[in-house]
Amino acid sequence: MTQTQTQTQPRPSPLVSIENIDIALPAGSDRKFAVSGATISIDRGEVLCIVGESGSGKSVLASAIAGLLPGDGLQVTKGRLLFDGQDVLSLNEPQLRRLRGARIGFIFQEPMTALNPLLTVGRQLAEALEAHGHPASPARIGELFSAMQLPEPETIGRRYPHELSGGQRQRVAIAMAMACGPDLLIADEPTTALDVTTQAEILKLILALRVSHKLAVLFITHDFGVVREIADRVAVMQNGEIIEVGNARSVLDTPQQPYTRRLLAAVPTLDALRRPSLTDRVALLELDGIEKTHAARRGFFAAKGRSVIALDGVDLELREGETLALVGESGSGKSTLGQVITGLIERDAGHFRLFGDDIARAGDLFTSQRRPAVQMVFQDPQSSLNPRHDVRRILTEPVLRAGLSKAEAHARMAMLLARVGLDASVADRKPHAFSGGQRQRIGLARALMHQPRLLVADEPVSALDVSVQAQVLDLLAELQRDLGLAMLFITHDLRVAAKVADRIAVMQQGRIVEAAATDDLLHRPQSAYARALLAAIPGRAHEADFPHLKRLQRDTA
Amino acid sequence: MKRRLSRPFLTLPVLFGLIVLALLVFCVIFADLLYPGNPWRMVARPNLPPLSPGFPAGTDMLGRDLAAGLVHGSRATLVVAFSVVAFAVGLGSAIGLAAGYLGAAIDEGLMRFTEFFQTIPGFLLTIMIVAIFSPTRWTVILAIALMAWPPIVRVVRAEVLSLRRLDWVRAARVSGLSHIRIALLHVLPNVLPQIVVQSSLLLASAIMIESGISFLGLGSRDAVSWGFLLGSGRTAFSVNWWLSTLPGLAIFLTVLAFNLVGDGLERWLDPKRSRRAGP
Amino acid sequence: MTRVARSQRHQIQGIAAAYGRAFGLRLAKAGLTLFAVIVLSFLLVRLAPGDPALILAGDQGGSDPAFVDELRHHLGLDGPLLFQLWRYLQNIASFDFGISYRDQRPVLDIVLEKVPATLLLTGSAFVFSIVLGVTLGALSARRPGSAVDVVITTISVAFFAMPMFWVGLVFIIVFAVKLGWLPSYGMETTAVSARGGWAALGDRLSHMVLPVLTLGFFYMSVHARVSRTALLQISAMDFIRTARAKGLSPWRIWRDHLLRNALLPTITVASLQAGQLIGGSILVETVFAWPGIGRLAFNALSGRDYNVLLAVFILSSLGVIIANLIADAAYRLIDPRLEREGKT
């Protein structure tokens, strides 16, 4: 862990050593190599994090270690790969199988799809044991589940994956990876699909296992918060190359490469914006006791399904020109609330006032006055634009239908495209020609075409890479300020909320548990849940240890 | 998206299918030029085997030219097939779009209705309808179409359901566009590739069913189709094997061609989704 | 430990109750489908041009005014439409499908004595098509693009495009007429089957070969395609990667993870095929003069014996509905995700 040890003393032979490896992509891809010239080693018992944005080759590199490269044409074309002195690249499939599961455990990103839906989790764990000649007695299985801190470890093995939560499934996956006592655990973004509080628990579990099992961990992530939480050493990857490797503290503290610096600077911190209080402004939106229950889909022949209470009495106020962040984990009801406000779904009960008028039902939002005034930005840049329409049609069709002249519509489009940082020439292209960040900019321009007064942004940056995320966030904040919009910003990430919001409302199980000015909420949280959310933010415990980081962020900003 | 472009449409099977279809179109258009007049005239000695000079497909027991029958039969067969597809695709797309777009209650009702037509023995019902009502060309077309639309509904509905959850449909709602406009001008065009693929596969099964009906001798007598030729030739199959074999070959090649082109279209337009079921 | 046992028992009871509820709903739905089939067949006769009594009496019965009058009264055709429907439902509920004028016998007897032959034919073809189809699909999914895959795919694409009755005729021409290996029509040689024993069994089997292959090859091609596609899709899924990462042997992965999941679409397709098999058996039984309900339906159609025809339609629909219930139960047995819901 300390710098002197790793750098001056002669190290024992590493557990994994990767030397100058090239992994070729299939012919016809946009670049030749998924990984090129990568050299790195993993010591026994250390946690190595590989950080990079999507497409950097980090997952491919990890898969190669146990011969698990996906079948569609990825191939190691050059270099050496040793695991505990064994040349992995020269092993045949049965030899590799003795390595996988037994000496190298894997966990993957998506707990929802990583388990076979048709077999009980106990049977799937038993398989992992039996494959390497270990007895799979119920006692042993219960013991493993218990070590993963799963509830009811003796009986949970009889459940099927769909009966477990995402966090529980990931624990089952870890149990399978740990079943045969491996030397190395390869974890490919294992917490990305989980809520922050669940993520914090899983990270804690992995760190505990590392100590109790003397385990080396190769942890792949895009999140520097997670890195700060668990890494001994860090490797940064960009376009298939390892551009920087080093002790975690030194990389995070004094990054050498400009790319690393840029990535680090893009990580939002919990510094609240200091902005004048808006309490004297007029309330645009007032919600009082909003309730919504999602009835399970039922038909005449469908058995009674469970209905889910999404909103359980929400009170909320949004003032003119204010940005309110609605923060909550999955299932908290935050997206449902956003859809109630934009009229996409009907509420069951509660008062809803917009611009001082009562909204009796969702249909009241679809009037020629109100519809343009309330607009929305969506989460997924892959699906938020109609793939068959060009940007011109996407932007102008609604305002043309609303009665704007063609000339005005086109003028407004040109103005907004420029405003969101896109060239006017993009108007003739279809969505597939754009990157995720560009699509989000188009989505933002579309929302602004109607010159709204209230903008609902539903997780607008959560699908973007960190560096792009920062740009889009800055753009949103800037536009909000310049246009004097009121904005409801829905997010699961308190760090993102801190960056844009005047006030933050924390939601849990359909209720707002705390709403306060951003600075107050971040530094003086009143509710237990807000405190838990804050504590779960990865890397936060160490934030105080990294004074350089803040300076760095100020410098690059 | 990039993938789609790199995937060639013109694979060997598709090329084969297109050549067969081109020949077919040629026969349909030039039938009257190739074999003018009534194809059912007696023109030569009876029971000439295939490849006899002037009569490439041989003649039947009354000395009628089988080649003339086959060329003219292509018309009858394809007219029925295309009409069936027009009806079935129209009905199926409308029901599928309504079921997928209009929400759970309507979906439930429409899908029960569709399921019913998928459950009952369709071919039996079709021939019952044809027999009980008079076997005209239109009865045959409507009776086949009545049983042919459910697969279209399933595909269109599934696609609309998954599209409806996408953010761009919500965005269109929030931007103030009407439901009708979104359903017809935004969602439907996105389902078009699937509809085209299904149409091609449906053409194949319509030809199959029509020839089954005609084979049983229950079909329309307005125009002679391949199935009818096959059925009427089968009584003499031990002597004149070609009378039933060659029309069957024509049906086989045509159905094969539509299937191959349909599969090719599907791979090209929609690589993610693959064929789920048979006819 | 007792607490655990109790919670386990509760869980099992809960699952059983959920199964029961789901099955009850399925049964209700099946009943409604059957009801709709009966109403549809009623409407078919009512909507047809002409006097329904004349239609039902058929070509031969229609010439006998006394018979037509009796029929009209029996079916309540002199009353209002809803009354007629009620009478029709009543008759069917008491298994009265009317009299076949041609045979002068109750229709139900005529149909029921043909059912075993059709079950033998369709059942054998069904088993043949699934077993061979899934096997071929699995072989071809092993290495997509390989020579084996290309051959299997070509075979299944070809059989999928061949009209069944044509395949039957070609089989007869080749194997019965030219080569003389197998009989071309009927279900048995009377002289041989009367003697019983192994000879009779062999005779029956030799009669079955061509019709079963004719019917089976088509559905085999469907199953080969469906299972190939399903296996390829599933082999790209995350849990297969997990299984590989656990170090499982290829055989275990194939059996427990791939095949199990890939069987689900096969079951769905198989249940859709139940209705199609009836249609197929009409064609195949006609070609091979197989004495089942398909040929009965064809003869009834040609002879305009509509009572027989409607009975075949209603009873074969019932058969399809039962087959679908079985398929549904099989699906639930494999897929635990459905056990607590009432629908697929």
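Cβ atoms are placed via backbone N, Cα and C, with glycine included.
Sequence annotations record features per position, and here TrEMBL assigns domain 'ABC transmembrane type-1' to C:115-327.
What TrEMBL lists as transmembrane segment is C:30-48 (among others).
The transmembrane segment annotation in TrEMBL covers C:117-139 (among others).
Per TrEMBL, the feature transmembrane segment maps to C:151-177 (among others).
Feature annotation from TrEMBL assigns transmembrane segment to C:205-222 (among others).
A Cβ distance under 8 Å defines the sequence-distant neighbours of the transmembrane segment (C:262-288), meaning residues of its chain 6+ beyond its ends; these are 118, 121-122, 125-126, 130, 134, 164-165, 168-169, 172, 184-186, 210-211, 214-215, 218-219, 222-223, 226-227, 229-231, 234, 294-295, 297-298, 316-317, 319-320, 323-324, 327-328, 330-331, 334-335, 344. According to TrEMBL, the transmembrane segment annotation covers C:262-288 (among others).
If you look up TrEMBL, you'll see C:308-331 (among others) marked as transmembrane segment.
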Is it true that the transmembrane segment (C:117-139) and the transmembrane segment (C:151-177) have 3 or more Cβ pairs under 8 Å, skipping pairs fewer than 6 apart in sequence? yes
Top stretch among C:151-177, C:205-222, C:308-331 for CB pairs under 8 A with the transmembrane segment (C:30-48)? C:308-331
Other same-chain positions with a Cβ less than 8 Å from the transmembrane segment (C:151-177) and lying at least 6 residues past its termini are 133, 136-137, 139-140, 183-184, 210-211, 213-215, 217-218, 220-222, 224-225, 228, 280, 283-284, 286-288
Which bits of the chain, at least 6 residues beyond where the transmembrane segment (C:308-331) starts or stops, bring a Cβ under 8 A of a Cβ in it? 23, 26-27, 30, 33-34, 37-38, 41, 44-45, 92, 97-98, 100, 102, 107-108, 110-111, 115, 264, 267-268, 270-271, 274-275, 278, 293, 296-297, 300-301, 338, 344
